[in-house]
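Straight from Swiss-Prot, the features:
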BINDING   SER10, PHE11, HIS18, GLY94, LEU95, ARG96, GLU104, VAL129, ARG130, PRO131, ILE132, THR133, ALA134, THR135  ATP binding site
BINDING   SER10, LYS42, THR79, ARG93  substrate binding site
SITE      HIS18  site 'Transition state stabilizer'
Amino acid sequence: MSRVALYPGSFDPVTNGHVDVVRHAVVLCDQLIVAIGVHPGKTPLFPAGERLAMVRSVFAPVAEKAGCAFDCTTYDDLTVAAAQKAGATILIRGLRDGTDLDYEMQIAGMNETMAPGVHTVFVPASPGVRPITATLVRQIAAMGGDVSAFVPQSVASSLKTKFAG
């Protein structure tokens with residue numbers, strides 16, 4: 001039986017924290033699907049197509065190195081519904097701290113009620129990436145700060161281009 005996991009998020013932009021979660025996730029499953037949430041009420045910094053390309057270029061080599069099949073997609077419905085549509089039985093969620101855990105436990109409980117066959121697996125962030133959030137990365141980049149310690153090099157370049165001029 002193939003273990004399919006879905007790792008949902010906005011990935012706006014991809015951070016080293018996301019990469020850390022993927023490095024742990026690819027050893028837990030046979031196929032990892034990264035699902036980018038597209039929400040009508042939100043205006044992301046990077047459009048969905050750019051985020052898909054970013055996710056693919058950063059995460060596919062990590063999955064390949066681990067021998068894990070990889071795919072990425074977008075979704076605009078409930079995360080648990082996206083998992084079911086993708087045939088995933090595992091939802092991967094990264095945890096930075098206790099606040100994340102409290103929030104994610106509530107969601108995991110609701111998801112378990114809606115889709116008993118989809119199980120949430122929490123991946124604790126490595127100490128070096130715990131403080132990183134995409135929101136802070138966007139703010140630092142928007143103010144001309146150096147984000148190279150917080151994101152993959154290709155993402156740092158994309159952010160620099162996005163905020164140039």
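From the backbone N, Cα and C atoms, a Cβ is placed for every residue, glycine too.
Structure coloured by features recorded in Swiss-Prot.
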residue	record	DSSP class
SER10	ATP binding site	coil
HIS18	ATP binding site	helix
LYS42	substrate binding site	coil
THR79	substrate binding site	helix
ARG93	substrate binding site	strand
GLU104	ATP binding site	helix
ARG130	ATP binding site	coil
>> Radius 10 Å, atoms counted are CB only; among the binding-site residues HIS18, LYS42, ARG93, ARG130, which position scores highest?
In response: HIS18
>> Within a 10 Å radius of its Cβ, which of these binding-site residues (LEU95, ALA134) has the fewest neighbouring Cβ atoms?
In response: LEU95
> What whole-number distance in angstrom separates the two most remote CA atoms of the ATP-binding residues SER10, PHE11, HIS18, GLY94, LEU95, ARG96, GLU104, VAL129, ARG130, PRO131, ILE132, THR133, ALA134, THR135?
Replying inline: 18
> Looking at the binding-site residues SER10, THR79, which sits with the largest number of other Cβ atoms within 10 Å of its Cβ?
Replying inline: THR79
> Restricting the comparison to the binding-site residues LYS42, THR79, ARG93, which residue's C-alpha is spatially nearest the C-alpha of HIS18 (ATP binding site)?
Replying inline: ARG93
> Least buried of the binding-site residues GLU104, ILE132, going by other Cβ atoms within 10 Å?
Replying inline: GLU104
> In whole Å, how far is LYS42 (substrate binding site) from SER10 (ATP binding site) when you measure between their Cα atoms?
Replying inline: 10
>> Measuring Cα to Cα, how far is ARG93 (substrate binding site) from GLU104 (ATP binding site) in Å?
In response: 8
> What's the CA-CA gap between ILE132 (ATP binding site) and THR79 (substrate binding site) in angstrom, rounded?
Replying inline: 23
>> Rounded to a whole angstrom, what is the C-alpha distance between ALA134 (ATP binding site) and LYS42 (substrate binding site)?
In response: 15
